[in-house]
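Below is one structure, written out as structure tokens, with a few remarks after it.
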Amino acid sequence: MFGFLKEPVVVTAEINVNLVALTVVGLISRLWGLCYPRAVVFDEVYYGQFVSLYMKRIFFVDDSGPPFGHMLLALGGYLGGFDGNFLWNRIGAEYTTNVPVWSLRLLPALAGALCVPLAYQILIELHFSHCAALGAALLILLENSLITQSRFMLLESVLIFFILLSVLSYLKFYNLQRHSSFSGSWWFWLLLTGVACSCAVGVKYMGLFTYMLLLAIAGLHFWHMIGDQNLSNVSLLCHFLARGLALLIIPMVMYLSFFYVHLALLYRSGPHDQIMTSAFQASLEGGLARITQGQPLEVAYGSQITLRNVLGKPMQCWLHSHTNTYPIRYENGRGSSHQQQVTCYPFKDVNNWWIVKDPGMQQLVVSNPPRPVRHGHIVQLVHGITTRYLNTHDVAAPLSPHSQEVSCYIDYNISMPAQNLWRVEIVNRESDTDVWKTILSEVRFVHVNTSAVLKAIVFPFQLSGASLPEWGYRQLEVVGEKLSKGYHQSMVWNVEEHRYGKSQEQKEREVELHSPTQMDISKNLSFMAKFTELQWKILTLKNEDTEHKYSSSALDWITMDTNIAYWLHPTSGAQIHLLGNVVTWASANAAALVYTCLSLWYLIRRRRKIYDIPEDAWQLWVSAGGVCAGGWAVNYLPFFLMEKTLFLYHYLPALTFQILLIPIVLQHLGDHLCRSVLLKSMFSALIVAWLSSVYFVYCTFSPVTYGQPALSVTELKDLRWKDSWNILIRKQ
């Protein structure tokens, strides 16, 4: 029974020494001296703020992309025991002892190091020689810009890692297609492709470019499968469903999961949540939730409410009034109604309170039982402190003369009767009988007499979005806008604070307006509601782009006419720059040019039925170009269409694909153009000389890649190979 124990258990394994060696040297190049400098380096000042907020569980919005990359950086901080207490206010600030610098920089460095063996494996899976694969890995290893970007708390190395992993996974899956369809390894690599693509997109939206490329390649491969008569319809359907699951469904689910974890971690209120809706803010611990906890859910006649404009940008504001009136005449000579001013005020104030009144009754308190206000009901809005009614009429607004003035009505005994009836329209209603709800309902107020809609002028790009003059205390303008001019979020309001009014007497009511509410009704949003709102904010919230000292255009990247100074030692000449290996960048450009020209030449010749290379070599050339040249194009060309501040590091994903193209072109030239032994020997000697020059440039610029050793003024001047490079030299 136990006869198998008589023989020793033997496990055999194949070890690719090249792969192991490349991994080791990759780790050494990225991890060596990782804690140096122990100071904030360039965009660490940006990402570090988010890491601190994660440590403190404080909600934030970053318009640069999804949260997965930020969470990976925060994971490093968590593993290092970071408490989040550091002021990320300037580049070069020395880290305090509580900041685990090595741990925070570890994950980007590991990602950058693993890009070296990934490059090797991609060339192998593209069916190129081990020499070509080794060359690709060495070029990635010795690329100064990739080293610099991976040694700090930045996201580009993480993005490139997931991009290369997704490409490698798909190539392995595709190569298993003919012989091992639906095997365990086939499923593993297919599923890993989808996971890696979703991670790339989750780090930065730039990952979408490679994801779209792989979807196109997968679609093309499946199109070829449809023409394979050996595959049955059932088999084709199974292949289609497998690809749909792995390349579409799983990335979508994972993308949602990034936000789920993000929102689960950041449950506390902070400064960034002010741009979110009241419902979102109320779901966070502290902040608005402390104010709104216990409010009545349904707005009723007699309710005391504050109305927040839904748009929330450039700043949040609440419907507001005060005792001051519009001037009889404006500066331009136009007249006004001289009624009580109504504005949108960006701060919480007792003058933001309004009472919802039934036009058919005089009482300003909630009846028992309360009578809820529903969609389509007519109401009057009474200002809580001054008891005047919200009103609009055919008088031009102060800053927007094509819109109606909104005021609180004062009876001057002249021929201007009150027009203070408003119809409540719930924009996000599920039915026409919906009840107006606190925080949850988004409503428009349509003026009964003129059909004008209550609107706050809060657009940063409109001339009419300017604040009111001194007489209006620089508050934002509120107008009545005709419905015919279209719908906009600035016309929509929601009830933020709410209580049921109990005091009919004005003095008692003023005391009541300052008192907290007592009822307890939960208003938690679902995850999908939070995700939808947060995703929309990320896509639409754009910080004002300003010219940066080190910003550049996409054209500058090709020839590396720009650099970025990441860090400068406060006393010595030690400094760190984002600068690439000049030989590698020039070679990458040459490889792309040669590939393009040769491809056009082959296509024209093949059209004439002239086949310069064998069919299998042609297919290899096309497939490798689709991945590498296509990867460079999709990660580079879109930047010409972007209206944002660009930096040299945006080019690094495209550069990585372009570097992979170099050994592909070199092997092709050696195999098919160097026909004689002499030419092959000369070509090999040139490659050795060229690789030596790559290593020489790497060593030359390593002091500004690693920040040490410190260089003298003369040595720094010698590194300025281009006049456009900004090498920092201290004045003596």
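Even glycines carry a Cβ here, placed using N, Cα and C.
What TrEMBL lists as transmembrane segment is 68-88 (among others).
If you look at the transmembrane segment (100-120), the same-chain residues 6 or more away from its ends with a CB under 8 A from one of its CBs are 18-19, 22-23, 25-27, 29-31, 34-35, 38, 48, 51, 72-73, 75-77, 79-82, 133-134, 136-137, 139-141, 146-147, 149-155, 157-158, 160-162, 164-165, 168, 656, 659-660. The annotation transmembrane segment is assigned in TrEMBL to 100-120 (among others).
Sequence-distant contacts of the transmembrane segment (126-142), counting only residues of its own chain at least 6 positions beyond either end whose CB sits under 8 Å from a CB of the stretch, comprise 18, 22, 25-26, 29, 115-117, 119-120, 171, 581, 584, 620, 623-624, 627, 656, 659-660, 662-664, 666-667, 687, 691, 694-695, 698. The annotation transmembrane segment is assigned in TrEMBL to 126-142 (among others).
Sequence-distant contacts of the transmembrane segment (154-174), counting only residues of its own chain at least 6 positions beyond either end whose CB sits under 8 Å from a CB of the stretch, comprise 42-44, 47, 69, 72-73, 107-109, 111-112, 114-115, 118-119, 121-122, 125-126, 146, 185-186, 189-190, 192-193, 196-197, 199-200, 203-204, 206-207, 210-211, 214, 217-218, 221, 627, 631, 649, 652-653, 656. For 154-174 (among others), the entry in TrEMBL reads transmembrane segment.
Look at TrEMBL and you will find 186-203 (among others) tagged as transmembrane segment.
Annotated transmembrane segment per TrEMBL: 208-226 (among others), in sequence order.
The transmembrane segment feature in TrEMBL is assigned to 246-267 (among others). Remote same-chain partners of the transmembrane segment (246-267), defined as residues 6 or more beyond its termini with a Cβ less than 8 Å from a stretch Cβ, comprise 53-54, 57-60, 66-68, 70-71, 190-191, 193-195, 197-199, 201-202, 211, 214-215, 218, 284-285, 527, 530-531, 534-535.
Among the features that TrEMBL reports, domain 'MIR' is placed at 296-359 (among others).
If you average pLDDT over the domain 'MIR' (370-427) in this model, you get 90. Marked as domain 'MIR' by TrEMBL: 370-427 (among others).
Summarising the annotation, TrEMBL assigns transmembrane segment to 582-604 (among others).
TrEMBL lists 616-634 (among others) with the feature transmembrane segment. Beyond the transmembrane segment (616-634), the same-chain residues lying 6 or more positions past its ends with a Cβ under 8 Å from any Cβ of the stretch are 122, 126-128, 163, 167, 171, 209-210, 212-213, 217, 592, 595-596, 598-599, 602, 606, 653-658, 660-661, 664, 668, 671-672.
As annotated by TrEMBL, transmembrane segment applies to 646-666 (among others).
The transmembrane segment feature in TrEMBL is assigned to 678-698 (among others).
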Residue numbers, six or more beyond the limits of the transmembrane segment (646-666), whose CB comes under 8 Å of its CB atoms: 115, 119, 122-123, 126, 128, 131-133, 135-136, 139-140, 143, 145-146, 149, 154, 156, 159-160, 163-164, 206, 209-210, 548, 550-554, 556-557, 560, 562-564, 578, 580, 584-585, 587-589, 591-592, 594-595, 598, 624-625, 627-633, 635-636, 639, 687
Long-range environment of the transmembrane segment (678-698) - Cβ separation under 8 angstroms, sequence gap at least 6: 135, 138-139, 142-144, 581-584, 587, 666, 669-670
Intrachain residues whose Cβ lies under 8 Å of the transmembrane segment (208-226), provided they are six or more past its termini: 163, 166-167, 170, 174, 177, 193, 197, 200-201, 236, 239-240, 243, 247, 251, 626-627, 630-631, 634-635, 638, 653
